[in-house]
Amino acid sequence: MDHVNYTWTRTFILAGFTTSGALQPLAFLGTLCIYLLTLAGNLFIIVLVQADSGLSTPMYFFISVLSFLELWYVSTTVPTLLHTLLHGHSPIPSSACFVQLYVFHSLGMTECYLLGVMALDRYLAICRPLHYHALMSRQVQLWLAGATWVAGFSAALVPACLTASLPYCLKEIAHYFCDLAPLMRLACVSTRWHARVHGAVIGVATGCNFVLILGLYGGILTAVLKLPSAASRAKAFSTCSSHMTVVALFYASAFTVYVGSPQSRPEGTDKLIALVYALLTPFLNPIIYSLRNKEVKEAVKRVSEKIRTLLRDT
């Protein structure tokens, strides 16, 4: 890689993963299958929530919003992953690179806030059942969902703009998409201050939400343990287990990559961890929310019966 002192790089090169021989088509086909299944699974959740009146509750509204978000989230990075798996090192214009960086982090921050809202919904449903429907009206649901998107896309402006303003001496990004740490390693100047600002912005946003989620689930746990019967306690825990699983997957991988100095991790580590939160989590979310949920299974039966009835009538 050639060093060009303090000049604006017009094109970066995504290194992706190094695959050769028989592994290359297998890796490409495997990733493509996961991507298509992710799109199908999240679309399935969205359509099912809209089609079945039994799922017209705040919890499933927020789950459908999460699925909609995941469609865009996974589609921001997987196409470049597939391209690098198929063609190896892939050029990307710097403008497209910074747009990808901003959109990816905006959607990631939005998901962070949305998971907090979903925890609040579960807290109100379990700890304030008599006032739940009044507190979580349709208008409030729409306001909360919209606020997560506005907050996410606003918070991501700071790290994206700071990274885009850096001068770059190197072109090859040791990743399959444009992310903060791999890009900052290519800068001509010290990025310690930028890394601290990124860590503060992302750390405060994700950290505050994580603390909020822990606090809400602490309140839920306290309320559930006070329930008189084991059956009611099991039902209450079952409504929260899917959300807690998703939170654990998302935050564990996000904290590993974005909280802390990029120099503290070996080069190439970020793209391996990124597969968890950028590909695996969106793939698992529909499975977690559907296979482990009796209400979703019953809704599938009702919608299937409606479709069969319509087909017989025609």
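Cβ atoms are placed via backbone N, Cα and C, with glycine included.
According to TrEMBL, the transmembrane segment annotation covers 26-49 (among others).
Summarising the annotation, TrEMBL assigns domain 'G-protein coupled receptors family 1 profile' to 41-289.
Residues or ranges marked as transmembrane segment in TrEMBL: 61-82 (among others).
Annotated transmembrane segment per TrEMBL: 102-121 (among others), in sequence order.
TrEMBL lists 142-166 (among others) with the feature transmembrane segment. Long-range contacts of the transmembrane segment (142-166) within the same chain, counting only residues at least 6 positions beyond its ends with a Cβ under 8 Å from a Cβ of the stretch, are 61-62, 65, 98, 101-102, 105-114, 117, 120, 180, 183-184, 187-189, 191, 194, 197-198, 201-202, 205.
If one looks beyond the transmembrane segment (200-224) by at least 6 residues along the same chain, the residues whose Cβ comes under 8 Å of a Cβ in the stretch are 105, 109, 112-113, 115-116, 119-120, 122-123, 126-127, 155, 158-159, 233, 236-237, 240, 244, 247, 251, 254-255, 258-259. Positions annotated as transmembrane segment by TrEMBL: 200-224 (among others).
Annotation comment: TrEMBL describes 236-260 (among others) as transmembrane segment. Here the transmembrane segment (236-260) has Cβ contacts under 8 Å with residues 59, 108, 111-112, 115, 118-119, 122, 125-126, 179-181, 198-199, 202-203, 206-207, 210, 213, 217, 220, 223-224, 227, 270, 273-274, 276-277, 280-281, 284-285, 288-289, 292-293 of the same chain, all six or more residues outside its ends.
TrEMBL lists 272-291 (among others) with the feature transmembrane segment.
Tallying C-beta pairs under 8 angstroms between the transmembrane segment (272-291) and each of 26-49, 61-82, 102-121 places 26-49 first.
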